[in-house]
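Note sheet for the following structure.
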Amino acid sequence: MAHQAHAYHMVDPSPWPLTGAIAALLMTSGLAIWFHFHSTTLMTLGLILLLLTMYQWWRDIIREGTFQGHHTPPVQKGLRYGMILFITSEVFFFLGFFWAFYHSSLAPTPELGGCWPPTGITPLDPFEVPLLNTAVLLASGVTVTWAHHSIMEGERKQAIQSLALTILLGFYFTALQAMEYYEAPFTIADGVYGSTFFVATGFHGLHVIIGSTFLAVCLLRQIQYHFTSEHHFGFEAAAWYWHFVDVVWLFLYVSIYWWGS
């Protein structure tokens, strides 16, 4: 890139938005093919392309921001607005699932027996695994805030410990959720209850996995001395995302697990 005498965001042309879009297409088409034809080939191909895209896009942004100094204050401001808009779009994404749930549960059709949960569905006990999951996510919200304060105060070792703890809690949540799915007395095919339950909690689980990956990248960067007390927006974005995932879970827990049971 030629020398620039201004502070604005001028990045090199990047192939990653295109490869990311192709990966998303392959994964969504692959999901439909998996459901209907029991073949996971296309979905696996999409997942591999997505992982390659993520790795190389993250690598390029780290090069631009950390080593080339392109992330000037106006650029950081733009990135902040971008992250805020992204999280706002995610809020509306989950709003659709809550709408579907409340539409189905507040006025259950006669076909469901006129009651909620529908006749024949045994809901999960909200005070067993779901309550433990709530505690785990709330604890991870505390540890990620601890990591943020440690980075701002230049406490390198504490930041690494608290970030590692947050990631472990994220994986623990995912493992508990997988166990709950495995042992659930109903499936995604069990009418509107199964659909709304598994789609809403499943997408939330996917967001936990994405958030854990985001934080894991931040942990590796913190170990490599990439973050300073003034310059650590990559971590801040991950922390915002994690808090968003936390809040969505609280709404899911209160709505679907507790009230909906």
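Cβ atoms here come from the backbone N, Cα and C positions, even for glycine.
According to Swiss-Prot, the feature topological domain 'Mitochondrial matrix' maps to 1-15, 67-72, 224-232, an assignment based on similarity to another entry. According to Swiss-Prot, the transmembrane segment annotation covers 16-34, 41-66, 73-105, 129-152, 156-183, 191-223, 233-256. The topological domain 'Mitochondrial intermembrane' annotation in Swiss-Prot covers 35-40, 106-128, 184-190, 257-261.
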The topological domain 'Mitochondrial intermembrane' (106-128): DSSP-derived helix, strand, coil residue counts: 4 helix, 0 strand, 19 coil
The transmembrane segment (129-152) versus listed stretches 41-66, 191-223, 233-256: most Cβ pairs under 8 Å: 233-256
Composition by DSSP (helix, strand, coil) of residues within the topological domain 'Mitochondrial intermembrane' (257-261): 3 helix, 0 strand, 2 coil
Same-chain residue ranges lying at least 6 outside the topological domain 'Mitochondrial intermembrane' (184-190) that approach it to Cβ under 8 Å: 121-122, 124, 197-199
